[in-house]
Amino acid sequence: MGQQREKTNRSQQILATAKAVFAQSNYRSSTTAEIAAAAGISEPLIYRYYPSKKHLYLAVLGDVAQRILQRWDAIRRTETSSLACLHRIGRDYLDLLDRNSDDLKVFFKAVCEDGDPEIRDFLAESYRSYARYLEDVARQGQERGEIRRDIPARVIAWQMMSLGAAFNLFAVLGLSEWTRADRETQLLAFLERIATSHVATLLTREAAGPDPASATGRGAGRAAIPRPGTAIGQDVDPAANLPTGNAAGATRGEGVGMPREPAAETAGPAGPPDGGVAGERTAQSDR
């Protein structure tokens, strides 16, 4: 038992060190000798646990993907609103970017290894797993009446993925003009676009700011995502308050490729856009 624990700990040590080295440099220029030196072990010891540098790299990517999904699971278990869940997942991603997370850096840099079919396919499937997870959350929100049914859950998932990719790019390039508040504003705008009419109206109303006479409590001036079944005028659970950033920009939804929900509901269900392109109207419900 003790030997097995030691073996597991050593494997995790190599994995963590390799992730830091790959994140600092990249897969091609990093060497197992460099990883061994950083871990304080001999290079041959690495090969006792990982047959090649590629095996080690794929293990790092797999560990990162698993950790991200575990973070999302932890959020989802404590959140009864699907819309609030998407918001917290988005904010958690921004937190990782703010911390300059090795997880996100190593995954983002892995895209440059598209010349290797094995790495490319592994990475593509990892991104699909993220999208499937977000799609499931979005579909649940549609069933609860929080999220619009005329936008396919699959499209919502990939739109959110595209926001994350853009935010990651801003962080990697050090685009300081894109502040945390700017990114939060875009996240809020995205949520407003996919929310059902009564939820979107509430978000827009609260994004404009509270009555000055009542803006003394905690969370004043911040929009809140209601729990399932909460209508306008009802109390809203403040646990999922949304930061608004530039409220005007968030209300307009600048930079977010989502259509506005029609003022009046059409008779019959709505569904996926033709060809799966975000923003187009549909005639059949998302299934």
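Every residue, even glycine, has its Cβ placed from backbone N, Cα and C.
Positions annotated as domain 'HTH tetR-type' by TrEMBL: 8-68.
Summarising the annotation, TrEMBL assigns DNA-binding region to 31-50. According to DSSP, the DNA-binding region (31-50) comprises 15 helix, 0 strand, 5 coil.
Per TrEMBL, region 'Disordered' is recorded for 205-287.
Under the heading compositional bias 'Low complexity', TrEMBL lists 212-231 (among others).
The compositional bias 'Low complexity' annotation in TrEMBL covers 259-269 (among others).
Cβ atoms under 8 Å from those of the DNA-binding region (31-50) belong to residues 7, 10-11, 13-14, 17-18, 20-21, 56, 59 of the same chain, restricted to positions at least 6 beyond its ends.
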